[in-house]
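> Here it is: the structure, laid out below.
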C-alpha cells in the first residue's frame, strides 16, 4: 500500500488547535472510506510526557499498547476510528536516546554523529514506520514555526517531502488572523510572516488554515493566497465555534478534503458525516442540565483532565443532558470542608499522583457515600474511595495507601510488585524502580462479576480498559473490606488484581482502577460515564433511589 503524507505545522502563536484541525481533516478523509492514521512529533527533550507535570503539559494519554503520549493522541482517537500506538507519538528526547544508544553500540562505525543526517534520518524512519499500512498519514509537528527546538523535525519533514515527491506529500499550515477592534479589520500580516518563516526552511505550504474569531471574507483570503503563494481555494477560514465537533463540517464545507484527494490522485466517495451531524444535534438539543463536581489537584489547567472532560460531555450527549463541570480543588475540601460539595448532582474523583490534596479526595468520597450522591472514581479516585470505606465503615482506623503513609497499620493500597502486561509478559517493580515508563500501562482484560452494576452497564462478562498506575488494592486486607459490604465487581485477567469496586447499598457508587476516559468518543460514548451522568440526571429529577 502506498501511503500519502500530510504534514501539519503551526505559526504565529501556540495553542492554535493544530491537533483538532488535523483530526477533523482525518475524520472527513476517513468518512470518504480512506484508511487514515495520525502522528504527533514533539520537539521537547523528555523521552515521553509520562513524568511531566500535568499543570505544564496537560494530561498523559495512554494508548492500547501502553505508550504514555501527548494529549493530542486523545483528540485523534476521538475523531477517527484508528487506534493510536507507541508509533504514533515520539519526542526529540526519544530520537536522541535511540541515536545515542546506537552510537554506543558502534552501529555508526565511528562516524561523527550530527543532527543532519543522523537525527533527521531517525525522525524520517519513525514517521515512515508509523504510517505503514494506511492510505494517508497526517503528521503533526508540535510547537510553532521558528522555535529552535523544532528545527530538526522541520528539516526531516522537508527532506521526506522531497524524497516522496509532490504526488505523495503536502503541507498544511495553521496560522492566526487576528481582528483588531481599534482598526475594525482582520490583519493578515502575521500569517504572511509565518509563511515567510516556513519558506526560509524550505517548506511551501499547500493549504493554509487561518484561525480567527470570525469568518475571513473572500477579499482577505485572496490577499493571503497572493502573498503566501497558495491557491485561493486552499486558504481555509476556521472561525471560532462553540464545539470542536463542528470543525469537520466546517472544513468539509470549504472543500479541504477535495484538495487532498486531488493532490494525491485519490478517487473516493463523498464523505458521509451523518454520525457527526448526530453528535452536533445531540449537543445542541439537551433535555436537561447536570452539574458534575470534579475533585482534583490539577484543576488550574483543565487540560490536565482533558479526556475526562470530554468523556463527561460524550455521556451528556448520550443522555441528552448538558453537563457542566465544576472544578473543585481537593485541598480546598481539606481546608474548607465538604460544604463546598453541596449542590452537586454527582462527584467524580480522577487520577493523580502524590499526597497533596489526597485527604480532600478521601473526604469527597465520604461525602458522596454518606449523602447518596452518584460517585465515579478513576484510578486514585478508586483508591481514595477504598481508603475512606476502610476507615469509616470497615473499622480500619488510620487505613491508607503505602504511597502516602509507609507506617499505616492498614495499607489497603500498596505497590504492585508483579503483574502481567498487555502482551502477556510478567512485569516486576520495586520501590527503587525508575518513575518513567514503569507503571502498569495499556489495555488489560477485566472480568466483571455477575449481578454487578459494572456488568449491567457494559453488558459483557469481560472488557478491556487502559491502565496507568503502580499501586493496587492490597488483597490481604480485602476480606475485611468485603465483610463490611464492599463489592469487588471487576478483576484482572489472572483475577489477582482488583479493577472495579462498588457499594451495593448506594444508588450509584462505582470506582475503577483503570482509565475509562481514554476509550470514550463523541460517537460511541462509554458505559461507565453514560451510567454516571444518567444517575446525575436522575438525581436532579428526584428519580434516583436513595
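Placed from the backbone N, Cα and C atoms, the Cβ positions cover glycine too.
Because the structure is a prediction, the values reported are computed rather than measured.
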> Which of these, 300, 310, 403, does Swiss-Prot list as part of the L-glutamine site with 352, 380, 381, 382, 383, 470?
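Looking through 300, 310, 403, the residue Swiss-Prot assigns to the L-glutamine site is 403.
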> Determine which of 72, 98, 107, 303 appears in Swiss-Prot for the same ATP site as 15, 16, 17, 18, 19, 20, 239, 240, 241.
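The record-listed residue among the candidates is 72.
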> Going by C-alpha distance, which of the recorded positions 19, 352, 470, 515 is nearest to residue 191 (UTP binding site)?
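Among 19, 352, 470, 515, 19.
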> State the count of C-beta atoms found within 10 angstroms of the C-beta of residue 515 (active site), not counting that atom itself.
24
> If you count other CB atoms within 10 A of each CB, which of 15, 192 wins among these binding-site residues?
192
> Taking the centroid of the Cβ atoms of 352, 380, 381, 382, 383, 403, 470 as the L-glutamine site, which other residues of that chain lie with their Cβ within 8 Å of it, listed in sequence order?
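My list of surrounding residues reads 351, 353, 379, 384, 401, 413, 469, 471.
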> So which one is it: of the binding-site residues 187, 189, 223, 470, which has the fewest other Cβ atoms within 10 Å?
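Selected from the binding-site residues 187, 189, 223, 470 on minimum Cβ neighbours within 10 Å: 189.
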> Could you tell me which of these recorded positions, 72, 403, 517, has the fewest other Cβ atoms within 10 Å of its Cβ?
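It is 403 that, of the recorded positions 72, 403, 517, has the fewest other Cβ atoms within 10 Å.
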> Quick check for the class: what is the C-alpha distance, in angstrom and rounded, between residue 190 (UTP binding site) and residue 470 (L-glutamine binding site)?
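It is 47 Å, counting Cα to Cα.
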